[in-house]
Amino acid sequence: MMENIMKKRLLSTSISTLLLGLSVMPAFADEDVTAWRLFIADHDKPVVNVIDALDGDKLATFNVKGPANLSRSESGATIFAIQGSAGVVSTIASGIAFHDHGDHADIDIDAPKLLPLELTGKKPGHFVERQGKIAQWFDGEDSAQILGESAVLKGQKNITKVNVVAPHHGVAVPYDNYAVVSIPNPDDASKRPVGARVVDLQGKKVGDDALCPGLHGSAGSGDTFALSCETGLLLITQKNAAPVIRHLPYAKTLPEGSTSTLIGGKGMQYFIGNYGPDRIILVDPTESDSFRLIQLPTRRVHFVVDPVRAKFAYVFTEDGKLNQIDVLKGEISQSVRVTDPYSMDGHWNDPRPRIAVADNKIYVTDPLKSKIIVLDATSFKKTSEISVEGQPFNIVAVGGSGKVHGEHHDHEAHHHDDHAH
């Protein structure tokens, strides 16, 4: 009888071991996976939270050295936390990476992590990344720092410093072996720059300077990068080696004013910018009638473009409404109230909502209520809220869909300890 009991135990153990082995074997069949993450910086604290955008779970909290503005790379593989008060730019690996294979893209999903590489200097300011090259500006330095995203991910501090004549509040745009840099005001470098020039990576000027009085604001869309001036936009393209700059003057039909904040369209080539406190301007650099003004119901707080639904952009206004902009029609297509009013009176850097778009959702931070409002991008209706400790302020989204080939998918990158799917 004891022999029969032992046989049953051995049989049971063997079956359990077999099932366990099957459960941990990698799935070698291709799998379509979608992953989106939100990176949120607190307004007052040196903290960056990472949240799974699809279910609201917190994935990580990173302690940095000061309150941060957040910028992401084009690839989404890296996030840059620019801490002006601390004189440092921290680098974060988003944990989501894509590999282009022509007819499809593979996706790798890992845990987000704070990288060891930091960029340091006096008063870090504007961040620009294009085609895998990063240019970080420092208002208190006479050089901009340029490096590759791949070096950041490897922890390699392979930085090229490009001279910008004098410390000033400007910008650098990286172009392979060149950069476009702002020109400081020769009479008073504390005032806005007066133009832009092309330099090689040794700081030597290439070609003629481009006048751009009151330069402030920059963005890329398609193959064109734009800089805002009091007189119009500087449009930068690169056809062969060195980039070329041309000036697009404001239309004479526009009222007096200029844009000082620009965002570039995704999927369509256009730019959207501020034009006074309660108007925005749409710029199509390919059309003869390049500029269209849109009147807002109240003063603008923040605006973004929709990278998924290319014809839309979103503007949050101080009355607590999110306004959907139809870029093709040049008008507000619909509006929805999402928060209490956030007046633009007071300090320019008071805690006010910021917007990000991830997949089919729109996310609006509500810093005074310690939460993020989630809206469905199709119905344009509020669907849920995500609680975030402190004052969630600056926000960027990273993610997308791709194929996973079995063992390359890190299922441990997102823990669900308190619930099951």
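Positions of Cβ are set from backbone N, Cα and C atoms, glycine also.
Swiss-Prot annotations:
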type	residues	note
BINDING	His101, His104, Asp106, His405	Zn(2+) 2 binding site
BINDING	His126, His169, His216	Zn(2+) 1 binding site
COMPBIAS	404-421	compositional bias 'Basic and acidic residues'
DISULFID	Cys212-Cys229	disulfide bond
REGION	399-421	region 'Disordered'
MOTIF	408-419	motif 'N-terminal Zn(2+)-binding motif'
SIGNAL	1-29	signal peptide
Under a three-state reduction of DSSP output, how is Cys212 (disulfide bond) classified: helix, strand, or coil?
coil
Note the Cβ centroid of His126, His169, His216, the recorded Zn(2+) 1 site, then list each other residue of that chain whose Cβ lies within 8 Å of it, in sequence.
Gly125, Trp137, Asp139, Gly170, Val171, Ser182, Arg192, Pro193, Leu215, Gly217, Ser218
Select one residue from Cys212, Cys229: among these disulfide-bonded residues, choose the one with the most other Cβ atoms within 10 Å of its Cβ.
Cys229
Which has the fewest other CB atoms in a 10 Å radius around its CB: His126, His169, the listed binding-site residues?
His169
Just to confirm my parser: what is the rounded mean pLDDT across the motif 'N-terminal Zn(2+)-binding motif' (408-419)?
45
Are there any residues at least 6 positions away along the chain from His216 (Zn(2+) 1 binding site) with a Cβ closer than 8 Å to its Cβ? List them or say none.
His169, Arg192, Pro193, Ser228, Ser260, Thr261
Where His126 (Zn(2+) 1 binding site) and Cys229 (disulfide bond) are concerned, what is their Cα separation in Å, rounded?
16
What is the separation, in Å, between the Cα atoms of His405 (Zn(2+) 2 binding site) and Cys212 (disulfide bond)?
50
Round to the nearest Å and give the CA-to-CA distance linking His104 (Zn(2+) 2 binding site) with Cys212 (disulfide bond).
42
CB contacts for His104 (Zn(2+) 2 binding site) [other CB atoms within 10 A, all chains]:
13
